[in-house]
């Protein structure tokens, strides 16, 4: 189906190749899993197999790539290739350009010239499969990250292409949604579709995979069966080596840093937050869980003034967020967005970090020291002059964190902090958060990653339908342990927990 022969690729302004001498054959009906560390070349390989490198991005390409025994360069661009290959990008938001969810799905179908009856059949089918029927009239920009991924997946599935490429396409989905995607992919494989899954965490799909390709620094390090990969994964450098945290039952008296009373937020007629109350104390490390669309991101956007309450009150460090300018709030609160690309717009890595510092009056040598420290903390030292868009998704995630911690806000909020990071990098990120907590920072993390919740969180808040439905607060250590155990048991039973 797809064959790469001695393929090497270098982005236009890059000095080092992102792919080196790749030789790979993907058979018709195969489900191929591609994994590796951040910046290993996974996304670049996916873009190559979709024809996007050759027909859209350009750069230096050596070697050959063929699709169905035809050189990729012979196709009439993406217009022709997209009839055979569908791809869900690691940044689902970049695929969503229409005013409603329904229009996102209809646009591709209408461009294919299907009859009205067939269009409606496919629309209804993928909306049911991806469980987004209730979002039909919603504007994509109002959706959560996980909901956006569902819409991008639905729009791609509706086209029923021979090849489906998923690049970190489940990274922001809750447990139940990932389970649903697994079922859909299993059915597509039985229908002899060719499926390529690119992800740091492929464990959820090993059961239906045929082969695992392990990339390292742009080269194929190994190709294994799923069984062989699973057998050795605990001994590879992809696996986190951290020990689990010990829960402390003792807490010093902590002062409230966040106080929320009767908070309601609406998108049109939809209540994203519903009369919510919450208090966060100084020095806590809190995990916020919930299904896609439960209100997690909407909640944290109120803490730095990106959203103002529809009704109710939000106070941060005694400041009413409805009355305090954003440039004052960011001195106290740093928010790392769910999608790091929404934070990155400068020409170099160091300029990205400098931007926030300059906005709060930190310049000169003081800014230089802060930039150097933050980049070293996130393992990006040496990339100061790199164009941020040339970084991998995981590196961009770390850069976004560097931009926030450089300003040293007391409250650090991370919306899906481990998206795009492999297990080792995820652990390194959380060790950094623990270090910052010990320095006196308060940490809030919105996450679906139950392992980091189990290993690092002191308090767990679970949301559903814009409300807080569980909170292991008030220093109840035994209650907290039971809460974690309950969450794990529900996950094992197939419940929609996160």
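Heads up, the Cβ atoms here are built off N, Cα and C, so glycines get one too.
Feature annotations, courtesy of Swiss-Prot:
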- 36, 37, 38, 39, 40, 41, 42, 43: ATP 1 binding site (BINDING)
- 290, 291, 292, 293, 294, 295, 296, 297: ATP 2 binding site (BINDING)
- 2-242: domain 'ABC transporter 1' (DOMAIN)
- 258-490: domain 'ABC transporter 2' (DOMAIN)
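Set side by side, the binding-site residues 37, 42, 296 differ in how many other CB atoms lie within 10 angstroms of their CB, and the most is found at 296. This prediction places the mean pLDDT of the domain 'ABC transporter 1' (2-242) at 89. Ranked by Cα separation from residue 296 (ATP 2 binding site), the binding-site residues 39, 40, 41 are led by 39. The Cβ neighbour count for residue 292 (ATP 2 binding site), using a 10 Å radius over every protein chain in view, is 24. Other than 290, 291, 292, 293, 294, 295, 296, 297, the residues of this chain whose Cβ falls within 8 Å of the Cβ centroid of the ATP 2 site are, in sequence order, 144, 146, 174, 298, 463, 464.
Listed in chain order, the extra residues whose Cβ falls within 8 Å of the Cβ center of the ATP 1 site residues 36, 37, 38, 39, 40, 41, 42, 43 are 215, 392, 394. Look at the binding-site residues 39, 40 and count other Cβ atoms within 10 Å of each Cβ; 39 has the fewest. According to DSSP, residue 296 (ATP 2 binding site) is assigned to a helical segment.
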